[in-house]
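Over in Swiss-Prot, the protein carries these features:
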- 15, 18, 39, 42: Zn(2+) binding site (BINDING)
- 127, 128, 129, 130, 131, 132, 133, 134: ATP binding site (BINDING)
- 1-58: domain 'ClpX-type ZB' (DOMAIN)
């Protein structure tokens, strides 16, 4: 907050119209002499009066009293089980990590001793489409905390073309509807963190726009600091006003596929794991369960960043059975969503078991993981949905041939009694 000096008194800037004092949620504009002020909300009101638009006068968002629910890690995992198929170990590790983080925020002050609890950020290691983002999104929804999701590959150091690391916090503030206090207890998910690894373990002697330099920039906000961010994102400039965010209590979750990490682990472990499995996927699963911080340093993440990601959980590559379950079992399963869409038009949509397996096999062939399932079904359903209103009172059955050979779906007219 800026202050105006008058003699020996220091007074906060106050809107000359509504008499409200400047704060992080109410920005103040001043005239050239710095003796008349107007807040952004009065500017909106004036615009509405002058131009005759019925523009809603918005007061700043009031802070939510975010309280830690009386939940346990088991309850967190049980909620994840409703939306995330498989990945049992990862869900358990993630639930404990999230539980400890929010317990530290809301219950640590109840203890009488002076022991300070440091936050433990989380690293999720697993192939594309294995559920890394979904884990974070699901628990953020359950805990009713804002979440910002970004791709590490779009980030650059300050001063370079691209997205500033600090813009992540702008997204979080937007997800919190401008409530700074709520944003400061939110979750930031940074995907593809492995894509900004150094190409070698030796520190670069040249400027590194999207590798080590971005890791260093991330380190500053992940470890906990006061960061000034532009309220509407974009680049900073000297005359701009900022909102200050304290990142000390924000939970940072980083995710990445880390392709090639298995090679590093095989080299380290030798015959301790390698050769005991007939299936390559099972071998990789066993290897990833033995990840240690040093392995990630060898991969190309800087030691300082790894030192801030205390909880490491590995996710397995999904198999055909997992894919079929993802299609049908979660509370918001893709098949259930399409069945609801069809039911609105009076149509019953059914999938044969072989059709579900064919969809799962196609997603595995494309190597897109679970996130590729929706696009496969969408491609398959376009023609049907185009004519859907004409099929009222029909059952539509999707067979294996529809998926594999682009055959027509079975149309069965229901008997209306």
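Using the three backbone atoms N, Cα and C, a Cβ is placed for every residue, glycine included.
Here the structure is a predicted model, which means the values were calculated and not measured.
Distribution of Swiss-Prot features across the structure.
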| residue | record | contacts (Cβ under 8 Å, 6+ apart) |
| --- | --- | --- |
| 15 | Zn(2+) binding site | 21, 22, 26, 28, 37, 38, 39, 42 |
| 18 | Zn(2+) binding site | 39, 41, 42 |
| 127 | ATP binding site | 257, 315, 317, 369 |
| 128 | ATP binding site | 257, 367, 368, 369, 371 |
| 130 | ATP binding site | 87, 315, 316, 317, 318, 369, 370 |
| 131 | ATP binding site | 84, 85, 86, 87, 90, 315, 370 |
| 132 | ATP binding site | 124, 126, 191, 255, 315 |
| 133 | ATP binding site | 149, 189, 191, 255 |
| 134 | ATP binding site | 83, 84, 370 |
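The residues near the Zn(2+) site, meaning same-chain residues not in 15, 18, 39, 42 whose C-beta sits within 8 angstroms of the mean position of the site's C-beta atoms, are 16, 17, 19, 20, 26, 28, 37, 38, 40, 41, 43, in sequence order. Apart from 127, 128, 129, 130, 131, 132, 133, 134, the residues listed for ATP, the same chain places the Cβ atoms of 126, 255, 315, 369, 370, 371 within 8 Å of the centroid of those Cβ atoms.
Mean pLDDT for the domain 'ClpX-type ZB' (1-58) in the predicted structure: 63. A 10 Å cutoff on Cβ-Cβ distances gives residue 42 (Zn(2+) binding site) a total of 19 other Cβ atoms nearby, all chains included. When other Cβ atoms within 10 Å of the Cβ of residue 129 (ATP binding site) are tallied across all protein chains shown, the result is 24. The Cβ of residue 39 (Zn(2+) binding site) has 24 other Cβ atoms within 10 Å, all protein chains considered. Secondary structure from DSSP puts residue 39 (Zn(2+) binding site) in a beta strand. Residue 131 (ATP binding site) carries neither a helix nor a strand DSSP state and counts as coil.
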